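According to TrEMBL, the feature Mn(2+) binding site maps to HIS101, HIS103, GLU108, HIS147. Here TrEMBL flags HIS103, GLU108 as oxalate binding site. If you look up TrEMBL, you'll see CYS24-CYS39 marked as disulfide bond. The domain 'Cupin type-1' feature in TrEMBL is assigned to 53-199. According to TrEMBL, the feature signal peptide maps to 1-20.
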Amino acid sequence: MLPIPFLVLLLSSILSPSSAADFCAADLSLPTNPAGFSCKKTSTVSISDFVFSGLGAPGNTNNIVKAAVTPAFTSQFPGLNGLGLSLARLDLDIGGVIPLHTHPAASEVLLVIQGSIEAGFISSSSSVYYKTLNKGDTMVFPQGLLHFQVQSGSTPAVAFATFNSPDPGLQITSLSLFGSSLPSQLVEKVTFLDDAQVKKLKKVLGGSG
């Protein structure tokens, strides 16, 4: 009998959209399904499905967090569909921060190419792992764990992230709590913050309730 992990790996390879053909460029005109995007007809696939130029330009950091994330996920880069990977560019101005967030569907590897970034993650046992990364440093963030990136030093920072999913998903903790319609009374109970603090954060992040 085959070990269960091997069976899971075998089934995933059989069921993968890319396993039955050379590629599965996403048909963005069709709705998504649990397996992702449907494949384009081969006759409609072009080189533009396999090339994305959006990571070459800096993102707009003129915002509350002084940071920008430029994604290269399936929606922007159809050729990634079914291949199990994606990318993103991070631009952090002086004082910039990518707040605590998770990627439910992917692990992340971060490569710093300019400046310095203080980055870290929190394990499910509440252990904290963080370090100041400099140009050329790489750090991995395990799937589903809360993590962050904060600009460090006297110059803006730039990094590139890769994910082992074409659509890693994203949930930013502060936006989920204070940028949503979750009633303030419930937010106060689950965060132990007082009413004034919760209303202030909701006002800043655009929440209601």
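Quick reminder: no glycine exception, Cβ is built from N, Cα and C everywhere.
Where the annotation comes from TrEMBL, it is an automatic prediction and has not been curated.
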Item to complete: Count the other Cβ atoms sitting within 10 Å of the Cβ of CYS24 (disulfide bond), across every protein chain shown.
Response: 26
Worksheet item: If you count Cβ atoms within 10 Å of each one, which of the binding-site residues HIS101, HIS147 comes out on top?
Response: HIS147
Item to complete: Averaged across the domain 'Cupin type-1' (53-199), what pLDDT does the model get? Just tell me the whole number, please.
Response: 95
Worksheet, complete the sentence: Ordered by sequence, the long-range same-chain Cβ contacts of GLU108 (Mn(2+) binding site) under 8 Å (at least 6 apart) are VAL140, PHE141, HIS147, ALA161, THR162, PHE163, PRO168
Fill in: CB contacts for HIS103 (Mn(2+) binding site) [other CB atoms within 10 A, all chains]
22
Worksheet entry | Around the Cβ of CYS39 (disulfide bond), the count of other Cβ atoms that are within 10 Å | 20
Response to the item:
CA pair CYS39 (disulfide bond) / HIS103 (Mn(2+) binding site), Å rounded to integer, equals 24
Worksheet item: Under the DSSP assignment, what numbers of helix, strand and coil residues are found in the domain 'Cupin type-1' (53-199)?
Response: 25 helix, 59 strand, 63 coil
Worksheet entry | Between HIS101 (Mn(2+) binding site) and CYS24 (disulfide bond), the C-alpha gap once rounded to whole angstrom | 29
